[in-house]
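Chemist: Below you'll find the structure I mean.
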């Protein structure tokens, strides 16, 4: 049995090295997801009010998944270094759970992208109609119009039916140039047409979703299926170590 044990040692060492490297990469993906979740929560929070009528759980899901992956990644490194079969099996279970979570998230995001577009149309239109320039949704509208250089829902004429237009005209966030965009111009529908952006924000946002949803789903699926590599490595290493320990007895 001694020669077989000697032969298996290099294989075990090789598998440990690969699994340790994989666990580190796995840990890094957790840090990335955690960072994206925090960025979403604190930087994109106001804009999410225009996509959903209720607060989004998306950032909390990303933060929770990121924290879980960070902890599992550390456990994977510890289990690999220790070389305990039961630890490696437990790590494989963790990877299987993460795989299922990411797979479901990727499929859900891809399937419901059209629903997101419909919800955005409704909530953004409501935000424009009830715009007052002060509440969170109004500030989010201003932010989108400035960043994307767009105006209104379908186009700048969307503002003509809003409660804001009779008293204050089109918001200044629609202006092509603030220095050439007076309060009087924004209250005059004829003059405003030459001073504000013509394209509506809905088309820009939804085209962005269409262009990037496939990329996001592909990345999500890629990360998800990479868990199968780690799962296979952990199971193989566990069986090999177990068999080697059995031969020693």
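Using the three backbone atoms N, Cα and C, a Cβ is placed for every residue, glycine included.
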Chemist: Write down the single range among 41-59, 60-78 that appears in TrEMBL as transmembrane segment.
Modeler: 60-78
Chemist: Look up transmembrane segment in TrEMBL and report which of 188-214, 215-241 it refers to.
Modeler: 215-241
Chemist: Name the residue range among 12-40, 128-156 that TrEMBL annotates as transmembrane segment.
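Modeler: Checked against TrEMBL: transmembrane segment maps to 12-40.
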